[in-house]
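As annotated by Swiss-Prot, NADP(+) binding site applies to Arg48, with the evidence given as sequence analysis. Positions annotated as FMN binding site by Swiss-Prot: Arg125, Ala126, Ser127, Gly277, Lys292, Pro293, Ile294, Pro295, Ser296, Arg318.
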Amino acid sequence: MSGNTLGRLFRLTTYGESHGAGLGGVIDGCPAGIALDEAVIQRELDLRRPGGNSASTTRQEPDRVRLLSGVFEGVTTGTPIAFHVENVDQRSRDYGEIARLYRPGHADFTYDAKFGVRDYRGGGRASGRETLSRVAGGAIAQALLARHGIAVRAFTVELGGVPADLVDVAGAQLRPFFSPDPDVVEAWEDMVRTVKGEGDTLGGIVQVEATGVPAGLGEPVFDKLDAVLAYALMSVGAVKGVEVGAGFEAARMHGSDNNDPIVPSGFFTNHAGGILGGISNGETIVLRAAVKPIPSIAQEQITIDRDGKPSALFIAGRHDISAIPRIVPVLKAMTALVLADMLLMQRRMATPQP
């Protein structure tokens, strides 16, 4: 299997499966002298840890990270940064039936078609648990970005078709579902309970914002900043669509409305989402990701077995009702990883000033 590395100069390579011994990764290309310790990474991992909310699986994983290399006396050394997290609450017996059956909405069929073999325990490498390594790597990227005044935040703007108002984005991280709207939380909680009782699941929309990004990041033509960000977000298994700025709403606007007037202090509006011509323009980068419902539902489903014979399937095991809120720090991490890479590329390739 290839495709386990993201980035050119700031590179994350990940490893591990849902029910294997553990998961982890290696960051290569991080400059020396960045303040970093296990606590910095742990704070981000705790935001996506299972069992922490009403929509989450009951699987209890402490997700304690160990830094194996690349950090000395609280700062990065410029060498590869390796980290590892052990799996401790696997229950592989729940997955015995799907060794021969394909779960609708999962990667079981396509992994078999590609590799001829698959780790059926919890989805193996295709499990959402794989994103743990992304969050750990993203925490390191955020430490680098912070030195340059760049911050990334993410929050839920819609769950199960019920939107949130952007009332208090700053406080979203402290609320259930990372909601920017205190008044919508109860409705979301009620909906999760109802859908869970029906044996079903929910999707939603997550918004990611990056502030302090200087103008000039992005490498046209094929490495446009928005293209690489969309690539990174779409690499997360549950994401089925990405918008930048006004996104699909721009298709319903006139040019006179969509254009962002330029004033001495910057841009008067931000329909472009902070990116023009694939290059950051100094405004806040605004992204939205459409998150599909979790495919593991507590209902009988129609499928086939490995021999192509029709079958019925009822999925056991412990599963999220929604990828939200646990996917929120994942999307923040992916955005940070791309920005860290683009920042280093810009520093290397920038034209010297006279």
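Each Cβ is built from the backbone N, Cα and C atoms, and glycine gets one as well.
Quantities reported herein were computed from a predicted structural model and do not represent experimental measurements.
Overlay of Swiss-Prot annotations on the structure.
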residue : record               : Cβ within 10 Å
Arg48   : NADP(+) binding site : 24
Arg125  : FMN binding site     : 20
Ser127  : FMN binding site     : 21
Lys292  : FMN binding site     : 17
Ile294  : FMN binding site     : 22
Ser296  : FMN binding site     : 23
DSSP-derived class (H/G/I helix, E/B strand, else coil) of Arg48 (NADP(+) binding site) | helix
What's the CA-CA gap between Ser296 (FMN binding site) and Arg48 (NADP(+) binding site) in angstrom, rounded?
-> 19
Secondary-structure category, per DSSP, in which Ser127 (FMN binding site) falls = coil
Cα distance, the residue listed as 'NADP(+) binding site' to Arg125 (FMN binding site), nearest Å?
-> 17
